[in-house]
């Protein structure tokens, strides 16, 4: 929207063309999203409290979580509002990648919103049934993956890049790409959802990973950089640089209120959509495996649940004291802030490892 205005004004005064630069628009997108989050955060929290939209705390969970009773939830609405408004202001409306991200945000936030609503309505930690949630996520992922395939065929051949091994590129058929995209989207969406159990834990991981994906998007959308770094050049993909910046800004605005002790939780409306957004960005820039590496905390949280359930069904015993993984450490009497910061550190290290692949490329 603002881009059209800039182009119009530039016809009369070329000095305004600086606002058309990708880096400037990205900075403004991040600051705008952050400003919206900070300005509306307190108002939004009070409104949620007035409407009694509070997090339902599991009675079988860590006893330390009982003090969180009454904390407002569905803060993901604030994150997504700041995010979408920001990219609509500073993004290029003619860029198809912008609309893919917006549609992804809306679809998965709708699933999460429904889940949160049912939990609050029935005052239970159970919202949508597992089968319905999985079905809606699956259908959404297939639709989005198909859309990406149709777009990708016009730009580059579907392929799977192997980080740190620039001479290994696996060509993918349309069916292969569809299956890969499906699992990345559904897996990432649920992984962030499982990780969102401690104050600020999931959102900081989203911020760090978004920063790394922004760098990859910037390089992949620049012919000279992508050629020098032996990365696939994808026309127009650098618009994701602005989208990642807006995601960082909106997430920071939310973290301001979600940091320990949290004044608000993002709920499924936030976690399911944020996970899907990260997945779609990674798919678009051909960095699916890097998302798996950089999102190692998300992966560990998910695997802990899968292993716990599978092992218990086979042997009627538990490997972990409680899952997801962060609850296991809570059961060991490690304080919540310490667990959170340690998980942040792990994510930071994994993100740096992911960024190191650029140089190795």
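The backbone N, Cα and C atoms fix where each Cβ goes, glycine too.
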Which listed span Swiss-Prot calls transmembrane segment, if the choices are 47-67, 131-151: 131-151
Cβ contacts under 8 Å made by the transmembrane segment (168-188) with residues that lie 6+ beyond its boundaries: 134, 137-138, 140-142, 144-146, 148-149, 152-153, 157-162, 275-276, 278-280, 282-283, 288, 291, 295, 298, 302
Segment proximity, the transmembrane segment (131-151) to the transmembrane segment (240-260), 3 or more C-beta pairs under 8 Å: no
Residues of the parent chain within Cβ reach of the transmembrane segment (289-309), under 8 Å, 6 or more residues beyond its termini: 160-163, 184, 187-188, 190-192, 194-195, 205, 208-209, 212-213, 216, 275, 278-279, 282, 318-320, 323-326, 328, 343, 346-347, 350-351, 353-354, 357
